[in-house]
């Protein structure tokens, strides 16, 4: 190389250095002359940080440079790092300080002919390549964080902690979590359960744990067992508020054995039915998850040691409480909505649902004994009359010519229709209830009133007494008579609980029971002032 060439290169370098010192604008954004201003000290939106993978490089990038050289062919310098910054994203070594101003960095407007390592990976803050790659590994969205890192980081930020906590988060230091706590957290994450949710029992198809039904009698029930039933008093206060179901509660029933009547059975749309101690403690004694779909109906066996359940999964189960085993399992041809035991032969029960027929099952053989067919689509409720030789069924027929199908009286032995001209109004009857002393029964109607009928043929409806004031609005709102027969109780679609005088049909009391529709009400068979109610919101209340 000649001496003239060397002198020319030296003059160019000197001219470039003097020009860069004379300039006052910082690098970072382009002006009209193609220069770039430094915006590293300006707060960037989260989407424009280097962690998001977006670089502040101009559309007209630099020419490809030679590796190992400090200057590009056009006489422009490479981007330099601002070493004096101590905020997030600067050079990791804080001991190095830049003595003066930042040197200006300019870029040519011409498009690069090929991709360059420097132009494609220069971060917005102009840090060295090693620091940029280190930051990219830690904060880039393209590299997912581990679950423990994400958890520790969220906890640290949520506490607004000290710099030590932030440094701990940045360095990925995760505290040790015992195995027992990790398993509990994993279980709560998978099932979505909280601390206040009741256990839901074993998975469907498995036998539940045995429920010990001791020989003792509740101290609240014992004084009333050997005495005559007193007049029913109107409850005013809530004794227990039972929560545990994750879906609407369909039905509730007290245990029919008086000495064990502290137990309450509830069915729900969450595929379970539960047994509660609703008199002494208000705790859930056992949860049964035998069904794969909603449990629409369940009944205590008259012995008080077994529960018959049926649901939308077409399955029927008879469960022994003391052993937890299934004494009977059957499969119906339709979704089940109502079940009733025969009042005399406790090995026989009736089953109705989304079908035009009802079926009588024998538990001893596990087979269908008899079928009762009508031109309907669904059976809403079944009610046995005294001695069990006759029973009533309410259906969903509500057309103009449905006077022969709304309520039907059947002969149990011959499966013949005794009468089908019982209810002549264009309303369906979602529930039926028998009076304990008088030869009458009640029918809940979608006309927002309770109708009174005779239990003796021809089953005439009373025109003088009609119990009005509540709302049904399509819900399966239940109704019942008190054990003494002097009061009637019904739920309402607006959550209220209403009581009527049986003799005068006047309203005796109104309770603001639930926030959603109250669909079930039942008096305690022994305690004269205890009432249980359930709602479509999944909760139950014990009134006293």
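The backbone N, Cα and C atoms fix where each Cβ goes, and this holds for glycine too.
Among the features that Swiss-Prot reports, compositional bias 'Polar residues' is placed at 30-39. Taken from Swiss-Prot, the feature region 'Disordered' applies to 17-74, 183-208. Positions annotated as repeat 'WD 1' by Swiss-Prot: 244-286. As annotated by Swiss-Prot, repeat 'WD 2' applies to 290-329. Residues annotated as repeat 'WD 3' in Swiss-Prot: 330-373. The annotation repeat 'WD 4' is assigned in Swiss-Prot to 375-420. Taken from Swiss-Prot, the feature repeat 'WD 5' covers 424-463. According to Swiss-Prot, the feature repeat 'WD 6' maps to 469-510. According to Swiss-Prot, the feature repeat 'WD 7' maps to 513-544.
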Count the residues of the repeat 'WD 1' (244-286) that DSSP assigns to helix (H, G, I), to strand (E, B) and to coil, and report the three numbers in that order. 3 helix, 21 strand, 19 coil
In the same chain, which residue numbers or ranges, 6 or more beyond the ends of the repeat 'WD 6' (469-510), come under 8 angstroms Cβ to Cβ? 229-232, 234, 250-251, 380, 430-431, 433-438, 442, 444-448, 450, 516-523, 525, 528, 531, 533, 535-536, 543
Can you break down the repeat 'WD 3' (330-373) into helix, strand and coil residue counts using DSSP? 0 helix, 27 strand, 17 coil
Can you tell me how the residues of the repeat 'WD 5' (424-463) break down into helix, strand and coil by DSSP? 0 helix, 19 strand, 21 coil
